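Written below as structure tokens is the structure these notes are about.
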Amino acid sequence: MLLTVDVRNTNIVLGLFTGTGEHSKLVQDWRMRTDARMTADELALIFRGLLGAHTDQITGVSALSTVPSVLREIRVMLTRYWGHVPHVLVEPGVRTGVPLLVDNPKEVGADRIVNSLAAHHLYDAPCIVVDFGTSTCVDVVSAKGEFLGGAIAPGLEISSDALASQSAALRKVELVRPRSVVGKNTVECMQSGAVFGFAGLVDGLVRRVRRELPAFSGSDVVVIATGDRAPLIMPETETVDEHEPDLTLEGLRLVYERNQARRGARRSPLD
């Protein structure tokens with residue numbers, strides 16, 4: 001079994017895969033809050049508790065982290081508790097198979113690279129990936145699987161929390177779809193601005209990408225939503241085609257398998 005670990009600023013998502021290649025299947029996933037202060041021992045204790053009887057069935061680990069302190073602890077955890085298990089940490093220098101056609105490839109987040117890989121693998125077409133997480137990322141992937149760049153905006157929670165904390169008369173509200181775009185009270189007005197406002201933000205960015213890049217003006221372009229808040233925002237958008245909740249975990253699986261295949265090729269007596 002392959003354990004995939006997706007660490008973001010807000011949540012950590014674990015995914016457990018059986019099989020490989022076309023026969024791979026995500027059989028279980030878990031979600032927990034990210035704590036940048038967690039140690040390797042604490043991470044191991046939580047992971048083992050969630051995995052239960054599957055702990056001893058892990059044959060590989062593929063992980064990414066947008067939180068540097070957690071990435072360091074995951075590296076220690078893997079060495080200390082799963083030292084016998086092959087693992088891949090997606091960071092600069094790791095081969096993903098995704099050409100990064102940007103000014104500084106080292107600046108591109110591992111999550112954006114992995115999402116791009118999975119999107120190209122699933123659809124084999126020009127893709128625009130919208131990840132609704134702590135930040136809202138709109139990433140552009142060519143028909144060849146190249147990462148062309150994108151846009152980063154604040155996430156839904158960050159924007160909503162900032163509005164409440166910086167405004168004396170406003171308070172934090174539950175982020176749900178209001179009954180109308182025209183709010184009848186302060187709570188509904190804030191919910192409308194958050195939900196419909198972010199849907200409009202995404203639609204606006206996607207349309208601009210399609211206008212600016214000739215290769216993205218056709219009907220073959222696939223716009224994919226993923227991330228924690230995708231189920232809330234996607235139904236209100238006009239440009240998003242597909243929802244892939246496990247896109248990042250799928251990308252982590254692909255990175256692991258590609259690196260394992262490369263290692264196997266290097267060990268081949270035919271080389």
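Glycine is no exception: its Cβ is also placed from the backbone N, Cα and C atoms.
According to Swiss-Prot:
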- Asp6, Val7, Arg8, Asn9, Thr10, Asn11, Ile12, Val13, Thr134: ATP binding site (BINDING)
- Gly109, Ala110, Asp111, Arg112, Thr186: substrate binding site (BINDING)
- Asp111: active site, proton acceptor (ACT_SITE)
- Asp131: K(+) binding site (BINDING)
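Following the DSSP three-state reduction, the secondary structure of Arg8 (ATP binding site) is coil. Comparing Thr10 (ATP binding site) with Asp111 (substrate binding site), their Cα atoms are 13 Å apart once rounded. Less than 8 angstroms from the CB of Asp131 (K(+) binding site) sit Asp111, Arg112, Asn115, Cys137, Asp139, Thr226, Gly227, Leu247, Thr248, each of them six or more residues away in the same chain. All protein chains included, Thr10 (ATP binding site) registers 18 other Cβ atoms within 10 Å of its own Cβ.
Asp131 (K(+) binding site) falls within a strand segment according to DSSP. Around Asp6 (ATP binding site), the same-chain residues six or more apart in sequence whose CB sits under 8 Å from its CB are Ile12, Val13, Leu14, Gly15, Ala63, Leu64, Asp111, Thr248, Leu249, Leu252, listed in sequence order. Residues Asp6, Val7, Arg8, Asn9, Thr10, Asn11, Ile12, Val13, Thr134, recorded as contacting ATP, have a largest CA-CA distance of 14 Å.
Considering only the binding-site residues Thr134, Thr186, the Cβ with the fewest other Cβ atoms within 10 Å is that of Thr186.
The Cβ centroid of Asp6, Val7, Arg8, Asn9, Thr10, Asn11, Ile12, Val13, Thr134 marks the ATP site; residues of that chain outside this set whose Cβ lies within 8 Å of it are Thr34, Thr66, Val67, Gly133, given in sequence order. For Ile12 (ATP binding site), other Cβ atoms within 10 Å of its Cβ number 23. Between the listed binding-site residues, namely Arg8, Gly109, Ala110, Asp111, Arg112, the fewest other CB atoms within 10 angstroms of a CB are found at Gly109. Residue pair Arg8 (ATP binding site) / Thr186 (substrate binding site) shows a Cα separation of 31 Å. Across the annotated binding residues for substrate (Gly109, Ala110, Asp111, Arg112, Thr186), the two most widely spaced Cα atoms sit 38 Å apart. A Cα-Cα distance of 13 Å separates Thr134 (ATP binding site) from Gly109 (substrate binding site).
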